[in-house]
Amino acid sequence: MINKLYIRTFGCQMNEYDSNKMVDILKHSHDLTLTDDATSADVLLLNTCSIREKAQDKLFHQLGRWSKLKNKNPNLIIGVGGCVASQEGELILKRTPYVDIIFGPQTLHRLPNMLNDALNNKKTSIDISFPEIEKFDHLPKPRTNSVTAFVSIMEGCSKYCTFCIVPYTRGEEISRPFNDVINEVKILASQGVREINLLGQNVNAYQGSMNDGEVSDLALLINIVAKISGIKRIRYTTSHPNQFSDSLIEAYAEVPELVSHLHLPVQSGSDKILRLMKRGYMSIEYKSKIRKLRKIRPDISISSDFIIGFPGENEKDFLDTMILIDEIGFDKSFSFIYSVRPGTPAASYPDDIDIQVKKQRLALIQKTINNNTEHISQLMIGSIQKVLVENITKKGNELFGRTENMRNTHFKGDKSLIGQIVNVKITKGRGNSLMGDLLTQI
């Protein structure tokens, strides 16, 4: 008899979304209840990410810890999913024969059958295939108690940037049908969700088939989602600059529910490095798109991703990146030292930059953007911000929510305001956090 499920998730928002779906699937099929205590669970699932270096090390370290639990309880079921499972399924089977289930991002809907096989046949069940996007046809209706929710609208990526493993672990771009996405949003809205975050590895490549034979792009999808009763905010992530289209920019003029925050990964400010990365644009094109957007939304917050120390990056290339950061004024960033992903084209490039130089460059970028974050937060003091109330604080004496530009905001108020957008006058700001006084409900 199995009762409790524990999931450990590494990586991106897509993995968080997938993990939530695993919970729904196994609740529906086996009535498993999620627990935050691995030692009390009957089923342990590890949802992995292969974007960063040492993903394998992280995986096998965690499995080593779980093997001790399995030694104490031979009936414990251990499963590995996600991108590392997709990439290294056979290696996982070889190195950790005590693992019962191995599945990829596109086969998580088959978990109930795989779990039954593991329970009944006592042998490892493995499925890391790429069956189009059929998993969405087999998922139970979403369930949530939150006022915010992710909705996956497409999977995979067809850009094949030289540094990126995603096309090899999640496959090429496949879009969910338009009506499937709309129906999921409607269900979530009926459960009290007020903010929807549309997800995809390359979300603005969305091309969802419609009943009339037409195809919806992301801009049209956003326009329709905004009309769904109860939806007050819309976000989307992650975007590629190449497909940040004029129609998508125009959506910021047409759809007030589309928040004034955009995450648009640039990776580098150097045209030479962008060519080596096979990004498909130059820095001037990136800046042009941001200028167009800011004509419509002058106050929009821009965040980005940066890869530091990509092979061939010299001082001039790094300076070009710093110049871009200064010109755009990024609010936040996810910045990492380049790490080789086996199987990608860039894995064959010579790693010709000293690690200390990479660390110094990373530190400078992070310091610069952290200063930007602090400066913007300080400028918000005295302003009135629209905050979506998400919950009460752990101490229970305040409410918290987020501004459109992703600032965590704390203020005193009644818990009946959860799920509402309220006006808050900002009184303090530090880093990514704000404090304020409640004014009125919108």
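Any Cβ shown, glycine's included, is placed from N, Cα and C.
The shown structure was predicted, so the numbers you read here are calculated from the model rather than taken from an experiment.
Per Swiss-Prot, the feature domain 'MTTase N-terminal' maps to 3-120; the stated evidence is sequence analysis. Helix, strand and coil residue tallies for the domain 'MTTase N-terminal' (3-120), in that order: 65 helix, 23 strand, 30 coil [DSSP].
Less than 8 angstroms from the CB of Cys49 ([4Fe-4S] cluster 1 binding site) sit Phe10, Gly11, Cys12, Asn15, Ala55, Gly82, Cys83, Val84, each of them six or more residues away in the same chain. Under the heading [4Fe-4S] cluster 1 binding site, Swiss-Prot lists Cys12, Cys49, Cys83, citing sequence analysis as support.
For 143-375, the entry in Swiss-Prot reads domain 'Radical SAM core', with the evidence type sequence analysis.
Residues or ranges marked as [4Fe-4S] cluster 2 binding site in Swiss-Prot: Cys157, Cys161, Cys164. Within the same chain, the residues at least 6 positions away from Cys161 ([4Fe-4S] cluster 2 binding site) whose Cβ sits under 8 Å from its Cβ are Gln267, Met277, Lys278, Arg279, listed in sequence order.
The domain 'TRAM' annotation in Swiss-Prot covers 378-440 and is backed by sequence analysis. Mean pLDDT for the domain 'TRAM' (378-440) in this predicted model: 95.
For the [4Fe-4S] cluster 1 site, the Cβ centre of Cys12, Cys49, Cys83 serves as reference, and the other residues of the chain with Cβ at most 8 Å from it are Phe10, Gly11, Met14, Asn15, Thr48, Ser50, Ile51, Gly82, Thr169. Long-range neighbours of Cys157 ([4Fe-4S] cluster 2 binding site) (same chain, six or more residues apart, CB within less than 8 Å of its CB): Cys164, Val166, Pro167, Arg170, Glu172, Glu173, Gln201, Asn202, Ala205. Annotation: Cys83 carries the greatest number of neighbouring Cβ atoms among the binding-site residues Cys12, Cys83, Cys164 [cut-off 10 Å, Cβ to Cβ]. When DSSP labels each residue, the domain 'TRAM' (378-440) comes out as 6 helix, 35 strand, 22 coil, counted as helix, strand and coil in that order.
Report note: the [4Fe-4S] cluster 2 site is defined by Cys157, Cys161, Cys164, and the residues of the same chain whose CB lies within 8 Å of the CB centroid of those residues, excluding them, are Lys159, Tyr160, Phe163, Ile165, Val166, Pro167, Gln201, Asn202.
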